[in-house]
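What follows is a short report on a single structure.
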Amino acid sequence: MAGTNKSYFHLHMISDSTGETLIMVARAVAAQYANVTPVEHVYPLVRSQKQLDRVLAEIEEAPGIVLFTLLEKDLVERVEATCKDMNIPSLSIIGPVMELFRAYLGRETSPRVGAQHTLNAEYFNRIDALNYTMMHDDGQHVEGLEEADVVLVGVSRTSKTPTSIYLANRGIRTANVPLVPGIPIPPQLETLKKPLVVSLHATPERLVQVRQNRLLGIGAGAPLPGRGEDSYIDSRSVAEEVAFARKLSAKYDWPLLDVTRRSIEETAAAVMKLYADRQRQHG
């Protein structure tokens with residue numbers, strides 16, 4: 001309802017695929033309205049009129065904004081007509097983009113036989129990447145590193161795990177290995193040929209800050225990998241860790257990526273660019 005003073009609103013998202021793109025766009029916009037909370041209703045894999053019946057019935061029960069990514073013309077027209085009858089706003093997220101392509105290319109879209117199978121293949125590829133990434137987190141199962149697309153290395157608290165998971169959600173099989181002074185790196189890491197190895201690093205000051213926050217969260221005295229609590233947050237020790245990681249990265253010619261002021265999304269985007277560049281170089 002236009003001009004509502006409620007602290008929440010219903011946000012309906014309809015997709016004929018996984019709905020990931022739709023959710024990302026919707027949340028990015030909703031985040032700009034800090035005082036209003038969206039109640040999300042996500043309807044993935046909607047590909048028939050029968051499936052749409054259920055969706056439209058739920059929208060009628062809780063009217064709100066309707067966003068959709070549907071390719072079937074009949075489904076699009078029905079969503080738009082029904083929302084108009086209900087007097088609620090609706091918008092195709094891909095419609096304007098397709099119109100832009102159509103105007104620039106001067107041609108209509110051509111039906112792609114098996115296009116949905118391609119979408120399904122991409123979905124299962126992401127699932128496979130996630131499974132691999134979770135199995136190869138924090139230096140686990142190093143014997144399988146050669147099967148990775150990307151291997152992230154770095155000292156503690158350089159966002160290796162969350163970046164790995166983000167990349168896996170893009171279908172990139174990602175392993176991560178911690179670099180700890182005094183502990184030899186896995187021999188498998190020295191002989192990798194297929195994967196791109198990227199070294200994540202941050203300033204000692206930033207690492208100390210992040211690690212102090214972590215200790216506050218888990219409680220003092222919690223076990224830390226390969227070190228005591230004092231050295232974990234000691235400025236000099238952390239600076240030595242950073243220097244150690246840089247020296248190791250130079251030795252093996254691993255590209256360095258500074259994550260000091262980067263969000264997880266920005267770090268992942270930078271890694272994906274390095275990965276894409278490498279793919280092009282290797283044909």
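Here the Cβ of each residue, glycine as well, is placed from N, Cα and C on the backbone.
The ADP binding site annotation in Swiss-Prot covers Gly154, Val155, Ser156, Arg157, Thr158, Ser159, Lys160, Thr161.
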(request) Specify the count of other C-beta atoms within 10 Å of the C-beta of Ser156 (ADP binding site). (result) 20
(message) Using DSSP and collapsing to three states, where does Lys160 (ADP binding site) fall: helix, strand or coil?
(response) helix
(request) Measure from the Cβ of Lys160 (ADP binding site) and count the other Cβ atoms within 10 Å, all protein chains considered. (result) 27
(request) Go through Thr158, Ser159, Thr161, the listed binding-site residues, and name the one with the sparsest Cβ surroundings, counting other Cβ atoms within 10 Å. (result) Thr161
(request) Give the three-state DSSP assignment (helix, strand or coil) for Val155 (ADP binding site). (result) coil
(message) Taking 8 Å from the centroid of the Cβ atoms of Gly154, Val155, Ser156, Arg157, Thr158, Ser159, Lys160, Thr161 as the cut-off, which other residues in that chain fall inside it around the ADP site?
(response) Asn176, Pro178, Leu200
(message) Using a 10 Å radius around its CB, how many other CB atoms surround Val155 (ADP binding site)?
(response) 23
(message) Below 8 Å Cβ to Cβ and six or more residues apart, same chain only. Which residues does that give for Arg157 (ADP binding site)?
(response) Ala202, Leu207, Val210, Arg211, Arg214
(message) Let me check the 10 A CB neighbour count of Gly154 (ADP binding site). How many other CB atoms are there?
(response) 27
